[in-house]
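Report on one structure; see the data block that follows.
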Amino acid sequence: MPNVVIIGAQWGDEGKGKIVDLLTRDTDYVVRFQGGNNAGHTVIVDGKTYILHLIPSGILHKEKICIIGNGVVLDPQIFIQELDTLLSQGIDVSPNRLKLSTKTHLIMPYHKLLDQVRENASTTQKIGTTGRGIGPCYEDKVSRIGIRTIDLTQPKLLYKKIELALKEKNTLFTQLYNTEFVNAETIFNEVMETASRILPYLSDTSSILQDAFIKNKKVIFEGAQGVHLDIDHGTYPFVTSSNTIAANASIGSGIALSSTEKIIGIVKAYTTRVGSGPFPTELYDNTGKFLQEKGHEYGATTGRPRRCGWQDLVMLKDSVRLNGFTELALTKLDVLSGLKKINICTSYAYQGESVTYPPQDEHILFNEIKPIYETMPGWEHSLESCTSWNQLPQCAKNYIERIEQVVGVPITIISVGADRNQTLFRDI
């Protein structure tokens with residue numbers, strides 16, 4: 001298997017964790033390259049559920065090496081909690097198997113506080129942040145006042161960096177948001193309490209990956225969130241704080257762009273979104289509730305109910321353009337079972353015309369476009385016992401083939417249930 005980048009093709013929650021888990025069987029390394037614990041990847045193995053926020057899904061496979069790259073922002077306490085949870089489940093998370101970049105930035109307590117007070121103070125436009133401190137951490141990274149994992153090795157320097165960061169933060173907290181002054185020593189002590197658990201994992205992960213490529217090892221790059229949450233190319237400002245598209249696999253892990261050969265987009269059979277932002281095909285009726293309940297559409301990170309809607313091929317084609325997907329994996333096809341009719345959005349109505357691309361202005365996407373649907377017949381019986389393409393109902397096959405026709409990319413993996421073995425592989 002060639003080196004593969006796995007990207008969520010919608011607004012996140014597409015089922016990337018399951019697909020990464022499946023493909024890990026044929027790989028040697030699994031790499032997280034962006035985002036933080038605002039992402040939740042759910043993997044079900046033999047009826048047992050694992051929810052991973054920071055550690056790559058490949059950790060569930062023995063002898064696979066997992067890497068958290070420089071593009072990730074890491075909450076020390078959440079990282080340790082995740083380690084302990086996996087240990088309690090009998091999973092090997094030793095430093096021999098899990099590597100953490102020395103360049104990874106740390107989410108500090110003041111980042112989480114700033115995230116929360118900002119969202120609470122907003123009266124006009126709430127982004128729907130998870131409040132995990134992801135955005136403020138990336139802000140400090142760009143402002144060159146961030147704290148990196150390597151700083152844990154030099155406590156005196158770390159303390160000075162915390163003091164520097166808090167000069168501005170405390171002005172914001174006390175004068176703009178009317179919250180309490182944050183003490184540098186308190187923050188320092190809290191962070192240093194985690195150092196002994198984190199330091200053994202620190203590695204030059206870029207060099208490790210380069211060595212892996214030289215030895216012809218196989219690598220999966222595991223994306224978080226989804227294309228349309230990308231800070232540059234998503235539905236701004238209702239986006240995350242990092243680049244979620246495939247090109248960032250190179251930057252966020254410290255490897256050459258030419259190191260990746262296959263890019264797989266993960267797309268749900270319908271569309272979901274968490275938090276605020278444009279959602280052209282959103283359903284407010286009983287069908288939307290049907291998808292939400294049958295699909296268990298509640299966030300793995302926040303528990304918030306996900307907004308649900310029909311498949312949007314306009315947005316999916318945009319994802320194909322931005323990432324250069326070589327193939328797609330379609331998840332949760334089984335959720336559509338029982339619907340007599342299934343709508344699929346192939347274009348938007350805008351100013352009396354039919355357009356097949358998303359408007360760049362989020363106001364237009366929010367208020368001025370209407371989805372144009374094709375209606376396809378649904379299917380009644382469950383798909384969960386299907387083990388091959390030939391066993392799928394003809395209407396389900398037609399649905400899959402119509403998606404392929406419109407976006408121009410083959411669907412090679414089809415998920416028909418939550419468990420690892422409820423997956424069909426299709427040679428095209």
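Positions of Cβ are set from backbone N, Cα and C atoms, glycine also.
Look at Swiss-Prot and you will find ASP13 tagged as active site, proton acceptor.
All chains included, 25 other C-beta atoms sit within 10 angstroms of the C-beta of HIS41 (active site, proton donor). Per Swiss-Prot, active site, proton donor is recorded for HIS41.
For VAL416 (GTP binding site), the Cβ neighbour count at a 10 Å cut-off comes to 25, with all displayed protein chains included. Per Swiss-Prot, the feature GTP binding site maps to 12-18, 40-42, ARG306, 332-334, 415-417.
Other Cβ atoms within 10 Å of the Cβ of ASN38 (IMP binding site) number 28 in total over all chains. Annotation source Swiss-Prot lists IMP binding site at ASP13, GLU14, GLY15, LYS16, ASN38, ALA39, GLY40, HIS41, THR130, ARG144, GLN225, THR240, ARG304, citing sequence analysis.
Annotated Mg(2+) binding site per Swiss-Prot: ASP13, GLY40, in sequence order. GLY40 (IMP binding site): 19 other CB atoms within 10 A of its CB, across all protein chains.
Around ARG306 (substrate binding site), the same-chain residues six or more apart in sequence whose CB sits under 8 Å from its CB are ASP13, THR272, ARG273, VAL274, GLN292, GLU297, TYR298, GLY299, listed in sequence order. Mapped onto three states, the DSSP output places ARG306 (substrate binding site) in coil. If you look up Swiss-Prot, you'll see ALA300, THR301, THR302, GLY303, ARG304, PRO305, ARG306 marked as substrate binding site.
Among the residues ASP13, GLU14, GLY15, LYS16, ASN38, ALA39, GLY40, HIS41, THR130, ARG144, GLN225, THR240, ARG304 said to bind IMP, no two Cα atoms are farther apart than 34 Å. Comparing the Cα of LYS18 (GTP binding site) with the Cα of every entry in HIS41, THR302, PRO305, these being the recorded positions, the smallest distance points to HIS41. Nearest neighbour of THR302 (substrate binding site) by Cα distance, taken over the recorded positions GLY12, GLY15, ASN38, HIS41, GLN225: ASN38. You'll find the Cα of THR42 (GTP binding site) roughly 16 Å from the Cα of PRO305 (substrate binding site). In the structure shown, across all protein chains, GLN225 is the one of the binding-site residues THR42, THR130, GLN225, THR302 with the greatest number of other Cβ atoms within 10 Å.
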